[in-house]
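Reviewing the structure listed below.
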Amino acid sequence: MSNSKLVKINGPLVGEIEVPGDKSMTHRAIMLGSLATGKSTIYKPLLGEDCLRTVEIFKLLGVQIEVNEDKIEIDSPGYKYFKTPHQVLYTGNSGTTTRLVAGLLCGLGIETVLSGDESIGKRPMDRIMKPLRYMNANITGINDNYTPLIIKPASISGITYEMEVASAQVKSAILFASLFANEPTKIKEFDTTRNHTETMFEHFNIPVAVNNDIIEMPSLGIEHIKPADFHVPGDISSAAYFIVAGLITPGSDITIHNVGINPTRSGIIDIVTQMEGNITLFNQTDNPEPTASIRVQYSPNMKPIHIDGDLVPRAIDEIPIVALLCTQANGTSIVKEAEELKVKETNRIDTTANMLNLLGFTLQPTNDGLIIHPSAFEQTATVNSFTDHRIGMMLAIASLLSNEALPIEQFDAVNVSFPGFLPKLKQLEKEG
């Protein structure tokens, strides 16, 4: 990733946009379309670096996949005819690819090695290895916690498992492995997490029963899978940057169309509503994932907020940009119970506080979150994404609060989830 980018966006931001397809759903659609025998088309997918890593892995397993500008076309021989790859399956910077594909590979009966970049090499994998081994998977890693992961054929058993962390990636690793289990599997959630794996299993004809915090899978659920086409909604995590930009920039009025508003992911909407920001949802649809158009307007008198409990996993990827939003509230905001942020691409608690404090804002990192005081952009300094796409985009939005350009090191990390992020912001600047 190259070094510094000088970022300057001029408000007000006015106009109507769409954001790239949802990253979580694109990953899962590629995986499920590849497992099914036949043709599946994914419309409006996210073509960021993470999702393209998932594409490359299934190509190496013998699936024909064609990536176009606005769709991914899959023609698969089916999971029974996957071939053994004769090279390491490289997941890049993608935690989703690493953890979900690991769960899937455990049941496939293929010997494989999964490895990612330096950042992935620091992220904990024991959280998936423990339940997968409980299912009789043969999976090992460095110090039983880090990539590369070595996966060997094993007969997968169904389990009853109580989640120890609120992590959709861990839950999904278990669910993908359970497709190959000889007995039913039951998972009890620790806290509600994004449910895209469950909704997309249903879309690809795999039976799954969800009752409050209990998820049940039948034995050998993989045998039910059928190919399917899927239209990917816009990613609410990407929309969040434009939502906050509109709320904090005088004179702004932004509408984002076709955004996924799955209730397990829509914490950002609840946060803005509680802060009394000017936000409206319309054009709502619900098949198979709920979507809406979201309009935001400049909101100078927002209230502070306490974020904890089940609101945290529902907004986990948005906490850095929410922290910036909270600096513009008229009182002190608190984020608690967000320890999960410590094991993302960076320690997002510390990185968010450190980078914003460099610019004159006032944030205090805590063991499990942040204390955010009303504060302003007071001085330009060279900041750094530390190769974390969400930190890079948050800092670009922070530049709206300054009259000067902001130098952001390692800014092209944003390409992981939002290629074309800056041009999209500039589009609203031009229309304004």
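Each residue, glycine too, has its Cβ placed from N, Cα and C.
Here is what Swiss-Prot records for this protein:
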- ASP317: active site, proton acceptor (ACT_SITE)
- LYS23, SER24, ARG28, SER167, GLN169, ASP317, LYS344: 3-phosphoshikimate binding site (BINDING)
- LYS23, GLY95, ARG123, GLN169, ARG348, ARG390: phosphoenolpyruvate binding site (BINDING)
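In space, ASP317 is the closest of the recorded positions LYS23, SER24, ARG28, GLN169, ASP317 to ARG390 (phosphoenolpyruvate binding site), judged by Cα positions. Put simply, of the recorded positions LYS23, SER24, ARG28, ASP317, the one whose Cα is nearest the Cα of ARG348 (phosphoenolpyruvate binding site) is ASP317. Counting in whole angstrom, SER167 (3-phosphoshikimate binding site) lies 11 from GLY95 (phosphoenolpyruvate binding site) by their C-alpha atoms. Proximity of LYS23 (3-phosphoshikimate binding site) to non-local residues of its own chain (separation of 6 or more, Cβ distance below 8 Å) is seen for LEU46, GLY48, ASP50, CYS51, THR96, ASP235, SER237, SER417, given in sequence order.
SER167 (3-phosphoshikimate binding site) falls within neither a helix nor a strand when secondary structure is assigned with DSSP, and so counts as coil. Candidates SER24, ARG28, GLN169, ASP317, LYS344 (recorded positions) were compared with ARG123 (phosphoenolpyruvate binding site); those inside 10 Å Cα-Cα are LYS344. For the binding-site residues listed here (LYS344, ARG390), the lowest count of other CB atoms within 10 A around the CB belongs to LYS344.
Around ARG28 (3-phosphoshikimate binding site), the same-chain residues at least 6 positions away in sequence with a Cβ under 8 Å from its Cβ are LEU100, SER172, HIS196, THR197, MET200.
A Cα-Cα distance of 11 Å separates SER24 (3-phosphoshikimate binding site) from GLY95 (phosphoenolpyruvate binding site).
Note: the Cα of GLY95 (phosphoenolpyruvate binding site) and the Cα of GLN169 (3-phosphoshikimate binding site) are spaced 8 Å from each other. Sequence-distant contacts of GLN169 (3-phosphoshikimate binding site), defined by Cβ-Cβ distance under 8 angstroms and a gap of at least six in the same chain, are GLY95, THR96, ARG99, LEU100, ILE128. Between the candidate binding-site residues, SER24, SER167, the densest Cβ environment within 10 Å is the one around SER24. Site extent for phosphoenolpyruvate: among the recorded binding residues LYS23, GLY95, ARG123, GLN169, ARG348, ARG390, the largest C-alpha separation is 19 Å.
For the binding-site residues ARG123, ARG348, the greatest number of Cβ atoms within 10 Å around a candidate Cβ is found at ARG348.
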